[in-house]
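Since the structure comes first, as structure tokens, the remarks are kept for the end.
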Amino acid sequence: MANQKKKEMVHDFQQKFTDKMKSLGLHFKNIDLYQQAFSHSSFINDFNMNRLEHNERLEFLGDAVLELTVSRYLFDRHPHLPEGNLTKMRATIVCEPSLVIFANKIKLNELILLGKGEEKTGGRTRPSLISDAFEAFVGALYLDQGLDTVWTFAEKVIFPYVEDDELVGVVDFKTQFQEYVHSQNKGDVTYQLIKEEGPAHHRLFTSEVILENKAVAEGKGKTKKESEQKAAEQAYKLMKNKKSL
């Protein structure tokens, strides 16, 4: 019964994925690689698959590929901007809210393979899950087709938003807080994961932001990255409210 359900889900994914790539004008060779890119850990757990078959390794790779691609784009587009400005712009483009915008533009969340529990609790519309799948897809595209194809994809899905300044409202609180700290000569900012709880398909992470060896705020999120953003947001708001850090 379980194997039949898995086969049906995989078959449905392969059909949808093939149609999606065709609509994007992209070619692919290894569909198994892309299946992994869209396999959430809850899907892997539901069908007792190898834990390394979920998309987190590809997410790790895709994150780096995105940073490189966006860095090259900004480097070429803004030849007179200093490194600090380019870094800030890149952070806005590759932060979670922006990745969700890109993913939703092409409805990538429709492709994500989820476990039953994650599906029921709204995982398909969860921002952290969508952004992770987007990064994993980029990682898979890089391995399967190379950096030139990733660039082509970015030209269609990412760069138009940047050129139209449609990401102005997206806030990367880690960058905001870092810039404030730097302007005040307050020392180094680090983040530390202090708690991880809940079942594998519905994890909750708690991180704290540390300034000059002192924890100044905490944040919770469905991923470590999200919890760090929430912690930075709290710290930044404390600063805006003129409370001592």
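Positions of Cβ are set from backbone N, Cα and C atoms, glycine also.
Within the same chain, residues at least six positions away from Asp63 (active site) with a Cβ under 8 Å of its Cβ are Val94, Glu135, Gly139. Residues or ranges marked as active site in Swiss-Prot: Asp63 (among others).
There are 26 other Cβ atoms within 10 Å of the Cβ belonging to Glu135 (active site). Summarising the annotation, Swiss-Prot assigns active site to Glu135 (among others) and lists sequence analysis as the type of evidence.
Annotation note: Glu135 (active site) sits in a helical segment as assigned by DSSP. Per Swiss-Prot, Mg(2+) binding site is recorded for Glu59, Asp132, Glu135, and the stated evidence type is sequence analysis.
When DSSP labels each residue, the domain 'RNase III' (17-146) comes out as 99 helix, 2 strand, 29 coil, counted as helix, strand and coil in that order. Per Swiss-Prot, the feature domain 'RNase III' maps to 17-146.
Residues or ranges marked as domain 'DRBM' in Swiss-Prot: 172-241. Residues of the domain 'DRBM' (172-241) grouped by DSSP class, helix first, strand second and coil last, total 31 helix, 25 strand, 14 coil.
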Densest Cβ neighbourhood among Glu59, Asp132 (binding-site residues), 10 Å radius: Asp132
